[in-house]
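> Sending over a structure as structure tokens; questions will come in a sec.
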Amino acid sequence: MHITKPHAAMFSSPGMGHVLPVIELAKRLSANHGFHVTVFVLETDAASVQSKLLNSTGVDIVNLPSPDISGLVDPNAHVVTKIGVIMREAVPTLRSKIVAMHQNPTALIIDLFGTDALCLAAELNMLTYVFIASNARYLGVSIYYPTLDEVIKEEHTVQRKPLTIPGCEPVRFEDIMDAYLVPDEPVYHDLVRHCLAYPKADGILVNTWEEMEPKSLKSLQDPKLLGRVARVPVYPVGPLCRPIQSSTTDHPVFDWLNKQPNESVLYISFGSGGSLTAQQLTELAWGLEESQQRFIWVVRPPVDGSSCSDYFSAKGGVTKDNTPEYLPEGFVTRTCDRGFMIPSWAPQAEILAHQAVGGFLTHCGWSSTLESVLCGVPMIAWPLFAEQNMNAALLSDELGISVRVDDPKEAISRSKIEAMVRKVMAEDEGEEMRRKVKKLRDTAEMSLSIHGGGSAHESLCRVTKECQRFLECVGDLGRGA
């Protein structure tokens, strides 16, 4: 039987930060482009993934057992190294699952750490695509940095000169990902290995849109600029992020938000994997209090070490007014008329969408950034790790929709925090940022438009046509045999 409906198999790295954008892409391919989609996820993420797909047809979830890597990698290895080993060890099981299907998928879509699965394409006769859930700036640096000669690398890493990238804004030394600054460490070689594999696919999908990153996308698509390194089509398919869920608005924070004036509340969250030291938490609390602005703070215990962690254990008790011990004594009492504290987790997208929210102090993870833009909310950029410094530079220097901390690796004083908060929430500069981000929000909505020929929709239409042509060729070969 000749198969006419394209079938995409998607292979996601572990962790919901990786899985959720993959799920949103799967839903888009199924609902708007006629794909049947099979998403392969590790068992640790399976339950959460199923809950995100309750109302989605045309998308199947296949669980893969989580490989035991305890004897394969140092327990203290970088998270990039650990994820890469997990994905590599899962490839044989992925292959078995695909081979067991009645018909091989038309295309295999991997994310940034799934490059070991590219070898399956030739064997099983599939197209392959790399999905970068981050942005075009990240993609550009990722594919360009490994091609640099040692002299240029030394100018950047030793002499701390900005990294010049064809057709793009230069990247400051302070903004480059830490992994690129340690060429003798395993994490550097692991990251470079993945990045060098991206151009081996048939195309690269990136979670951005033309108006968000015009220079980087133009360079990636120009064969005289970064396109000569990418070597394959680069498709902007964003913004892809979790949709707002009306069912989550029964959280008590919304009762409080409903009583606040429009655009008067600053939302503060460093994401599920970000943390501050005890000293920095104290300075942040004092800065918020002295700013005299309304706020919602998703506050977690301090971690005096790396700013990157997956989980946080409860630490310390509370004082008599329920102020956590790691915050200034009496903080909750003194700010109770204008502040709302949330431990651990909050319905972020729904909070940002509320009319009372007028600013977002964020770690600049790409998903959080997209949620803020889609809600028309300007930001205070406080990056912590990975590509977040580059994201912060994009938001503040290129787009003008955020203010930015001077150096997130140094302690930020309460006076600087107060000034940033007031700038976004109470001064003319904040109003200008708000105007710009709302305009950018409108372009994001246009990008997603099905009937208006939005750039994201058109990009996926091109991918769909490529898959359909491939299906026709496979069918012709089958009939010829």
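Cβ coordinates are placed from backbone N, Cα and C, and glycine is handled just like the others.
Sharing the record's features from Swiss-Prot:
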type	residues	note
ACT_SITE	His18	active site, proton acceptor
ACT_SITE	Asp111	active site, charge relay
BINDING	His18, Ala386	anthocyanidin binding site
BINDING	Ala346, Gln348, His363, Trp366, Ser368, Glu371, Glu387, Gln388	UDP-alpha-D-glucose binding site
> Ranked by the number of other Cβ atoms within 10 Å of their own Cβ, which of the recorded positions His18, His363 ranks first?
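Result of the Cβ crowding comparison: His363.
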> Tell me whether Asp111 (active site, charge relay) sits in a helix, a strand or coil according to DSSP.
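The three-state answer is strand.
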> Give me the count of other Cβ atoms within 10 A of the Cβ belonging to Ala386 (anthocyanidin binding site).
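Its Cβ shell of radius 10 Å holds 21 other Cβ atoms.
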> Of the recorded positions His18, Asp111, Ala386, which sits closest to His363 (UDP-alpha-D-glucose binding site) by Cα distance?
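Result for His363 (UDP-alpha-D-glucose binding site): the nearest of the recorded positions is Ala386.
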> Given the recorded positions His18, Asp111, Ala386, find the one whose Cα is closest in space to the Cα of Glu371 (UDP-alpha-D-glucose binding site).
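Going through His18, Asp111, Ala386 one by one, the Cα closest to that of Glu371 (UDP-alpha-D-glucose binding site) is His18.
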> Taking Cα atoms as reference points, which of the recorded positions His18, Asp111, Ala386 is nearest to Ala346 (UDP-alpha-D-glucose binding site)?
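In terms of Cα distance, Ala346 (UDP-alpha-D-glucose binding site) lies closest to His18.
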> At its widest, how many Å does the recorded UDP-alpha-D-glucose site span between Cα atoms of Ala346, Gln348, His363, Trp366, Ser368, Glu371, Glu387, Gln388?
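For the residues that bind UDP-alpha-D-glucose, the greatest Cα distance is 23 Å.
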> Taking just the CA atoms, what is the gap between Glu387 (UDP-alpha-D-glucose binding site) and His18 (active site, proton acceptor) in Å?
14
> Measuring Cα to Cα, how many Å separate Gln348 (UDP-alpha-D-glucose binding site) from Ala386 (anthocyanidin binding site)?
21
